[in-house]
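As recorded in TrEMBL:
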DOMAIN    59-184  domain 'EXPERA'
DOMAIN    214-373  domain 'EXPERA'
TRANSMEM  7-28  transmembrane segment
TRANSMEM  34-54  transmembrane segment
TRANSMEM  61-81  transmembrane segment
TRANSMEM  110-131  transmembrane segment
TRANSMEM  138-156  transmembrane segment
TRANSMEM  168-188  transmembrane segment
TRANSMEM  216-235  transmembrane segment
Amino acid sequence: MSATAGTGVFMLSLISIPFCYLFNSLIYNNSTEAFFFALWTAALILTIAIRFMLKKAPVDPLFYVYAVFAFLSVVNLIIGLEQDNIIDGFVTFYLKEAEPHVNTAHGHMISYWDGCVHYLMYLLMIAAITWGDSYRAIGLYWVGSFLMRTIVYNLGNAVGKYGTQVTPFFILHMLYISVSVWACFRVFSQPSTHDAQLTSSQEAQRANLLQRPMDLLFIVYLIPAFAFCVFRGLVNNCKTINKHGFMQIAINGWYLFLEVVLDCSGKLCEDYTQRFEPYLKDPSAYPKVQMLVSLLYSGPYYILTLYGLLVPGCQWMPDLTLVHSGALAQAQFSHIGASLHTRTPFSYRVPADSQPIFLLVNVLYVLVPHALCYRCCTQPDFFLKPKGDKKSQ
(Lines of atoms letter the chains of each structure in order from A and count residues from 1; the text may use other names and numbers.)
(Lines give C-alpha, C1' and ligand atoms only; values in the text may rest on other atoms or scores of the structure.)
Protein backbone atom coordinates (compact mmCIF):
# COMPACT_ATOMS: atom_id res chain seq x y z
CA MET A 1 0.00 0.00 0.00
CA SER A 2 1.22 3.48 -0.77
CA ALA A 3 2.45 5.66 2.07
CA THR A 4 0.63 8.71 0.71
CA ALA A 5 -2.27 8.21 3.13
CA GLY A 6 0.12 8.30 6.07
CA THR A 7 1.69 11.47 4.70
CA GLY A 8 -1.78 12.98 4.53
CA VAL A 9 -2.34 12.23 8.21
CA PHE A 10 0.92 13.93 9.10
CA MET A 11 -0.11 16.99 7.10
CA LEU A 12 -3.56 16.90 8.71
CA SER A 13 -2.04 16.94 12.19
CA LEU A 14 -0.14 20.11 11.31
CA ILE A 15 -3.44 21.88 10.65
CA SER A 16 -3.89 22.07 14.41
CA ILE A 17 -1.25 24.84 14.54
CA PRO A 18 -3.08 27.40 12.38
CA PHE A 19 -6.39 25.99 13.64
CA CYS A 20 -5.57 26.91 17.25
CA TYR A 21 -4.23 30.29 16.20
CA LEU A 22 -7.35 30.89 14.10
CA PHE A 23 -9.84 30.32 16.89
CA ASN A 24 -7.76 32.06 19.51
CA SER A 25 -7.44 35.13 17.27
CA LEU A 26 -11.15 35.07 16.52
CA ILE A 27 -12.33 34.68 20.11
CA TYR A 28 -9.62 36.28 22.20
CA ASN A 29 -7.55 38.73 20.14
CA ASN A 30 -10.17 39.98 17.67
CA SER A 31 -7.34 40.29 15.12
CA THR A 32 -8.67 40.26 11.54
CA GLU A 33 -5.22 39.91 9.93
CA ALA A 34 -4.22 36.98 12.15
CA PHE A 35 -7.61 35.36 11.58
CA PHE A 36 -7.33 35.40 7.76
CA PHE A 37 -3.67 34.31 7.83
CA ALA A 38 -4.51 31.27 10.00
CA LEU A 39 -7.60 30.54 7.88
CA TRP A 40 -5.70 30.45 4.59
CA THR A 41 -2.85 28.42 6.12
CA ALA A 42 -5.28 25.84 7.50
CA ALA A 43 -7.12 25.65 4.15
CA LEU A 44 -3.85 25.09 2.27
CA ILE A 45 -2.64 22.32 4.58
CA LEU A 46 -6.09 20.69 4.61
CA THR A 47 -6.20 20.62 0.81
CA ILE A 48 -2.79 18.97 0.61
CA ALA A 49 -3.70 16.46 3.34
CA ILE A 50 -6.96 15.44 1.66
CA ARG A 51 -5.18 14.98 -1.66
CA PHE A 52 -2.77 12.53 -0.04
CA MET A 53 -5.38 10.70 2.06
CA LEU A 54 -7.75 10.03 -0.84
CA LYS A 55 -5.11 7.92 -2.56
CA LYS A 56 -5.53 4.30 -1.47
CA ALA A 57 -6.94 5.07 1.96
CA PRO A 58 -6.62 2.08 4.35
CA VAL A 59 -9.71 0.12 5.40
CA ASP A 60 -8.56 -0.29 9.02
CA PRO A 61 -10.82 2.02 11.09
CA LEU A 62 -7.98 2.64 13.57
CA PHE A 63 -6.20 4.56 10.80
CA TYR A 64 -8.83 7.28 11.02
CA VAL A 65 -9.01 7.15 14.83
CA TYR A 66 -5.25 7.64 15.10
CA ALA A 67 -5.42 10.41 12.49
CA VAL A 68 -7.79 12.37 14.75
CA PHE A 69 -5.71 11.54 17.83
CA ALA A 70 -2.55 12.77 16.09
CA PHE A 71 -4.32 16.07 15.44
CA LEU A 72 -5.29 16.31 19.13
CA SER A 73 -1.75 15.42 20.21
CA VAL A 74 -0.34 18.43 18.41
CA VAL A 75 -3.00 20.55 20.11
CA ASN A 76 -1.81 19.20 23.48
CA LEU A 77 1.78 20.02 22.59
CA ILE A 78 0.71 23.58 21.78
CA ILE A 79 -1.05 23.76 25.16
CA GLY A 80 2.11 22.64 26.96
CA LEU A 81 4.34 25.09 25.08
CA GLU A 82 2.02 28.01 25.78
CA GLN A 83 1.77 27.07 29.45
CA ASP A 84 5.58 27.34 29.60
CA ASN A 85 5.45 30.71 27.77
CA ILE A 86 7.51 29.31 24.89
CA ILE A 87 4.80 30.39 22.46
CA ASP A 88 1.90 32.77 22.87
CA GLY A 89 -1.47 33.50 21.29
CA PHE A 90 -2.46 29.95 20.25
CA VAL A 91 -4.62 28.62 23.12
CA THR A 92 -4.84 31.60 25.48
CA PHE A 93 -8.64 31.49 25.51
CA TYR A 94 -8.70 27.74 26.17
CA LEU A 95 -6.27 27.97 29.10
CA LYS A 96 -8.46 30.59 30.76
CA GLU A 97 -11.80 28.88 30.15
CA ALA A 98 -10.86 25.17 30.26
CA GLU A 99 -10.97 22.82 33.20
CA PRO A 100 -8.51 23.91 35.92
CA HIS A 101 -6.89 20.47 35.92
CA VAL A 102 -5.11 21.37 32.68
CA ASN A 103 -3.10 24.07 34.45
CA THR A 104 -1.76 21.79 37.19
CA ALA A 105 1.76 20.36 37.03
CA HIS A 106 0.34 16.89 36.35
CA GLY A 107 -1.91 18.16 33.56
CA HIS A 108 1.06 20.05 32.17
CA MET A 109 3.19 16.89 31.95
CA ILE A 110 0.29 14.99 30.36
CA SER A 111 0.14 17.64 27.63
CA TYR A 112 3.81 17.09 26.83
CA TRP A 113 3.51 13.30 26.98
CA ASP A 114 0.52 13.26 24.64
CA GLY A 115 2.04 15.87 22.35
CA CYS A 116 5.38 14.06 21.98
CA VAL A 117 5.27 10.36 22.87
CA HIS A 118 1.67 9.58 21.93
CA TYR A 119 2.03 11.64 18.76
CA LEU A 120 5.08 9.58 17.73
CA MET A 121 3.22 6.34 18.47
CA TYR A 122 0.23 7.46 16.39
CA LEU A 123 2.47 8.26 13.43
CA LEU A 124 4.28 4.93 13.74
CA MET A 125 1.01 2.98 13.89
CA ILE A 126 -0.39 4.94 10.95
CA ALA A 127 2.79 4.20 8.98
CA ALA A 128 2.48 0.50 9.83
CA ILE A 129 -1.16 0.46 8.71
CA THR A 130 -0.38 2.16 5.40
CA TRP A 131 2.43 -0.31 4.68
CA GLY A 132 0.37 -3.31 5.78
CA ASP A 133 2.67 -4.15 8.71
CA SER A 134 1.71 -5.23 12.21
CA TYR A 135 1.39 -2.46 14.78
CA ARG A 136 0.35 -4.65 17.71
CA ALA A 137 3.53 -4.11 19.75
CA ILE A 138 3.35 -0.32 19.53
CA GLY A 139 -0.40 -0.53 20.06
CA LEU A 140 -0.03 -2.49 23.31
CA TYR A 141 2.52 0.03 24.57
CA TRP A 142 0.04 2.79 23.77
CA VAL A 143 -2.75 0.87 25.52
CA GLY A 144 -0.77 0.78 28.76
CA SER A 145 0.15 4.45 28.49
CA PHE A 146 -3.42 5.51 27.70
CA LEU A 147 -4.96 3.48 30.52
CA MET A 148 -2.55 4.82 33.14
CA ARG A 149 -2.97 8.40 31.93
CA THR A 150 -6.77 8.17 31.86
CA ILE A 151 -7.28 6.40 35.19
CA VAL A 152 -4.98 8.69 37.16
CA TYR A 153 -6.13 11.91 35.49
CA ASN A 154 -9.85 11.25 35.89
CA LEU A 155 -9.65 9.90 39.45
CA GLY A 156 -7.37 12.79 40.40
CA ASN A 157 -9.87 15.22 38.93
CA ALA A 158 -12.70 13.62 40.88
CA VAL A 159 -11.10 13.46 44.34
CA GLY A 160 -8.73 16.44 44.12
CA LYS A 161 -9.33 20.06 45.01
CA TYR A 162 -10.88 20.73 41.58
CA GLY A 163 -13.38 17.86 41.79
CA THR A 164 -16.46 20.08 41.84
CA GLN A 165 -15.41 22.18 38.85
CA VAL A 166 -16.84 20.53 35.71
CA THR A 167 -16.99 22.30 32.33
CA PRO A 168 -18.57 21.37 28.96
CA PHE A 169 -15.13 20.12 27.86
CA PHE A 170 -15.77 17.11 30.14
CA ILE A 171 -18.27 15.71 27.61
CA LEU A 172 -15.68 15.87 24.83
CA HIS A 173 -13.15 14.24 27.13
CA MET A 174 -15.50 11.33 27.84
CA LEU A 175 -16.10 10.91 24.10
CA TYR A 176 -12.33 10.72 23.59
CA ILE A 177 -12.06 8.08 26.33
CA SER A 178 -14.89 5.99 24.84
CA VAL A 179 -13.29 5.92 21.39
CA SER A 180 -9.88 5.16 22.92
CA VAL A 181 -11.24 2.20 24.91
CA TRP A 182 -12.75 0.81 21.70
CA ALA A 183 -9.35 1.27 20.02
CA CYS A 184 -7.70 -0.65 22.89
CA PHE A 185 -9.92 -3.67 22.23
CA ARG A 186 -9.12 -3.43 18.52
CA VAL A 187 -5.40 -3.50 19.30
CA PHE A 188 -5.77 -6.56 21.53
CA SER A 189 -7.67 -8.34 18.76
CA GLN A 190 -4.71 -8.03 16.38
CA PRO A 191 -2.92 -11.37 15.77
CA SER A 192 0.29 -11.89 17.71
CA THR A 193 3.54 -11.67 15.76
CA HIS A 194 5.48 -13.92 18.16
CA ASP A 195 6.22 -17.43 16.95
CA ALA A 196 8.54 -20.11 18.22
CA GLN A 197 10.11 -23.08 16.48
CA LEU A 198 9.98 -26.46 18.25
CA THR A 199 13.76 -26.89 18.60
CA SER A 200 14.64 -23.39 19.77
CA SER A 201 11.73 -23.29 22.19
CA GLN A 202 12.62 -26.62 23.77
CA GLU A 203 16.24 -25.59 24.18
CA ALA A 204 15.29 -22.30 25.82
CA GLN A 205 12.82 -23.94 28.19
CA ARG A 206 15.29 -26.65 29.27
CA ALA A 207 17.72 -24.01 30.56
CA ASN A 208 17.54 -23.50 34.32
CA LEU A 209 17.68 -20.12 35.97
CA LEU A 210 21.44 -20.19 36.47
CA GLN A 211 21.86 -20.69 32.72
CA ARG A 212 19.79 -17.54 32.13
CA PRO A 213 21.79 -14.85 33.94
CA MET A 214 19.73 -11.96 32.55
CA ASP A 215 16.51 -13.52 33.80
CA LEU A 216 18.16 -14.05 37.18
CA LEU A 217 19.06 -10.36 37.35
CA PHE A 218 15.50 -9.41 36.46
CA ILE A 219 14.16 -11.64 39.25
CA VAL A 220 16.57 -10.05 41.71
CA TYR A 221 15.32 -6.62 40.59
CA LEU A 222 11.61 -7.48 40.78
CA ILE A 223 11.69 -8.18 44.52
CA PRO A 224 12.89 -4.72 45.66
CA ALA A 225 10.80 -3.11 42.89
CA PHE A 226 7.70 -4.75 44.33
CA ALA A 227 8.63 -3.55 47.82
CA PHE A 228 9.22 0.00 46.51
CA CYS A 229 5.89 -0.06 44.68
CA VAL A 230 4.04 -1.15 47.84
CA PHE A 231 5.93 1.37 49.97
CA ARG A 232 5.08 4.35 47.79
CA GLY A 233 1.53 3.18 47.23
CA LEU A 234 0.67 2.94 50.91
CA VAL A 235 2.98 5.44 52.57
CA ASN A 236 0.59 8.30 51.89
CA ASN A 237 -2.70 6.47 51.32
CA CYS A 238 -3.09 4.36 54.45
CA LYS A 239 -4.60 7.10 56.59
CA THR A 240 -6.87 8.32 53.79
CA ILE A 241 -8.26 4.95 52.75
CA ASN A 242 -8.42 3.67 56.32
CA LYS A 243 -11.37 5.99 56.96
CA HIS A 244 -13.59 3.65 54.91
CA GLY A 245 -14.72 0.74 57.04
CA PHE A 246 -15.12 -1.79 54.24
CA MET A 247 -11.37 -1.56 53.48
CA GLN A 248 -10.11 -1.16 57.02
CA ILE A 249 -8.97 -4.75 57.60
CA ALA A 250 -7.17 -4.98 54.25
CA ILE A 251 -5.39 -1.66 54.68
CA ASN A 252 -4.39 -2.47 58.25
CA GLY A 253 -2.90 -5.69 56.93
CA TRP A 254 -0.87 -3.82 54.31
CA TYR A 255 0.24 -1.29 56.92
CA LEU A 256 1.41 -4.16 59.16
CA PHE A 257 3.35 -5.47 56.15
CA LEU A 258 5.06 -2.08 55.81
CA GLU A 259 5.97 -1.91 59.47
CA VAL A 260 7.11 -5.52 59.94
CA VAL A 261 8.50 -6.67 56.60
CA LEU A 262 9.87 -3.32 55.41
CA ASP A 263 10.61 -2.03 58.92
CA CYS A 264 8.64 1.05 57.91
CA SER A 265 7.66 3.10 60.92
CA GLY A 266 5.51 6.19 60.66
CA LYS A 267 8.57 8.37 61.19
CA LEU A 268 10.44 6.66 58.35
CA CYS A 269 7.52 7.22 55.97
CA GLU A 270 7.31 10.86 57.03
CA ASP A 271 11.05 11.37 56.56
CA TYR A 272 10.92 9.80 53.10
CA THR A 273 8.13 12.06 51.87
CA GLN A 274 9.79 15.17 53.28
CA ARG A 275 13.28 14.46 51.98
CA PHE A 276 12.71 12.73 48.65
CA GLU A 277 9.10 12.95 47.47
CA PRO A 278 7.15 15.79 49.13
CA TYR A 279 5.06 15.93 45.95
CA LEU A 280 3.16 12.91 47.30
CA LYS A 281 1.41 15.34 49.66
CA ASP A 282 0.32 17.74 46.93
CA PRO A 283 -3.39 18.65 47.43
CA SER A 284 -4.15 18.11 43.73
CA ALA A 285 -4.44 14.37 44.63
CA TYR A 286 -2.76 13.23 41.41
CA PRO A 287 0.37 11.84 43.14
CA LYS A 288 -1.67 9.93 45.72
CA VAL A 289 -3.91 8.45 43.04
CA GLN A 290 -0.84 7.74 40.88
CA MET A 291 0.88 5.75 43.61
CA LEU A 292 -2.29 3.89 44.59
CA VAL A 293 -3.03 2.92 40.98
CA SER A 294 0.59 1.84 40.53
CA LEU A 295 0.28 -0.30 43.66
CA LEU A 296 -2.84 -2.04 42.39
CA TYR A 297 -1.44 -2.36 38.86
CA SER A 298 2.33 -2.84 39.17
CA GLY A 299 2.17 -4.89 42.37
CA PRO A 300 0.34 -7.86 40.81
CA TYR A 301 2.42 -7.39 37.65
CA TYR A 302 5.67 -7.99 39.53
CA ILE A 303 4.28 -11.19 41.05
CA LEU A 304 3.05 -12.46 37.67
CA THR A 305 6.37 -11.57 36.06
CA LEU A 306 8.28 -13.51 38.70
CA TYR A 307 6.12 -16.51 37.89
CA GLY A 308 6.58 -16.01 34.14
CA LEU A 309 10.38 -15.90 34.44
CA LEU A 310 10.45 -19.08 36.52
CA VAL A 311 7.86 -21.21 34.69
CA PRO A 312 8.27 -21.76 30.92
CA GLY A 313 5.40 -21.44 28.47
CA CYS A 314 3.73 -18.26 29.82
CA GLN A 315 2.67 -16.89 26.44
CA TRP A 316 1.18 -13.74 27.96
CA MET A 317 4.56 -12.43 29.14
CA PRO A 318 5.56 -10.38 26.03
CA ASP A 319 2.16 -8.67 25.81
CA LEU A 320 2.00 -8.03 29.55
CA THR A 321 5.45 -6.45 29.64
CA LEU A 322 4.55 -4.19 26.70
CA VAL A 323 1.38 -2.91 28.37
CA HIS A 324 3.11 -2.43 31.72
CA SER A 325 6.10 -0.65 30.18
CA GLY A 326 3.81 1.85 28.48
CA ALA A 327 1.88 2.46 31.69
CA LEU A 328 5.00 2.80 33.83
CA ALA A 329 6.69 5.15 31.36
CA GLN A 330 3.69 7.47 31.36
CA ALA A 331 3.35 7.31 35.14
CA GLN A 332 7.02 8.01 35.86
CA PHE A 333 7.26 10.80 33.30
CA SER A 334 4.30 12.57 34.85
CA HIS A 335 5.46 11.95 38.41
CA ILE A 336 9.09 13.00 37.89
CA GLY A 337 8.15 16.03 35.81
CA ALA A 338 5.45 17.24 38.20
CA SER A 339 7.72 16.71 41.22
CA LEU A 340 10.23 19.17 39.73
CA HIS A 341 7.96 21.53 37.82
CA THR A 342 7.54 25.16 38.82
CA ARG A 343 3.74 24.82 38.73
CA THR A 344 4.04 22.59 41.79
CA PRO A 345 4.15 24.69 44.99
CA PHE A 346 7.71 25.03 46.25
CA SER A 347 7.00 23.15 49.48
CA TYR A 348 5.95 20.07 47.47
CA ARG A 349 8.89 20.01 45.06
CA VAL A 350 11.86 17.68 45.49
CA PRO A 351 14.60 19.45 47.50
CA ALA A 352 17.70 20.29 45.46
CA ASP A 353 20.03 18.13 47.55
CA SER A 354 17.74 15.09 47.14
CA GLN A 355 17.21 15.41 43.39
CA PRO A 356 20.14 13.14 42.31
CA ILE A 357 18.87 10.22 44.42
CA PHE A 358 15.26 10.92 43.45
CA LEU A 359 16.12 10.91 39.74
CA LEU A 360 18.39 7.85 39.98
CA VAL A 361 15.78 5.71 41.75
CA ASN A 362 12.84 6.79 39.59
CA VAL A 363 14.71 6.52 36.29
CA LEU A 364 15.98 3.03 37.13
CA TYR A 365 12.47 2.12 38.23
CA VAL A 366 11.25 2.77 34.68
CA LEU A 367 14.29 1.66 32.64
CA VAL A 368 14.70 -1.87 34.00
CA PRO A 369 11.10 -2.92 33.13
CA HIS A 370 11.74 -1.66 29.61
CA ALA A 371 14.86 -3.84 29.44
CA LEU A 372 12.75 -6.79 30.59
CA CYS A 373 10.15 -5.96 27.94
CA TYR A 374 12.86 -5.88 25.27
CA ARG A 375 14.13 -9.27 26.41
CA CYS A 376 10.64 -10.81 26.34
CA CYS A 377 9.76 -9.43 22.89
CA THR A 378 13.06 -10.10 21.12
CA GLN A 379 13.78 -13.52 22.69
CA PRO A 380 10.33 -14.98 23.41
CA ASP A 381 11.20 -18.68 22.97
CA PHE A 382 11.12 -19.36 26.73
CA PHE A 383 7.58 -18.00 26.99
CA LEU A 384 5.96 -19.46 23.87
CA LYS A 385 4.58 -22.88 23.13
CA PRO A 386 6.35 -24.32 20.07
CA LYS A 387 4.51 -24.92 16.80
CA GLY A 388 4.77 -28.66 17.22
CA ASP A 389 2.86 -28.58 20.50
CA LYS A 390 0.10 -26.42 19.03
CA LYS A 391 -0.38 -28.78 16.07
CA SER A 392 -0.46 -31.86 18.29
CA GLN A 393 -3.14 -30.24 20.44
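Glycine too: its Cβ is placed from the backbone N, Cα and C atoms.
Note that the structure is predicted; figures quoted are calculated from it, not measured.
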Over the domain 'EXPERA' (214-373), what is the model's mean pLDDT? 81
Using DSSP, break the domain 'EXPERA' (59-184) down into helix, strand and coil residues and give each count. 100 helix, 0 strand, 26 coil
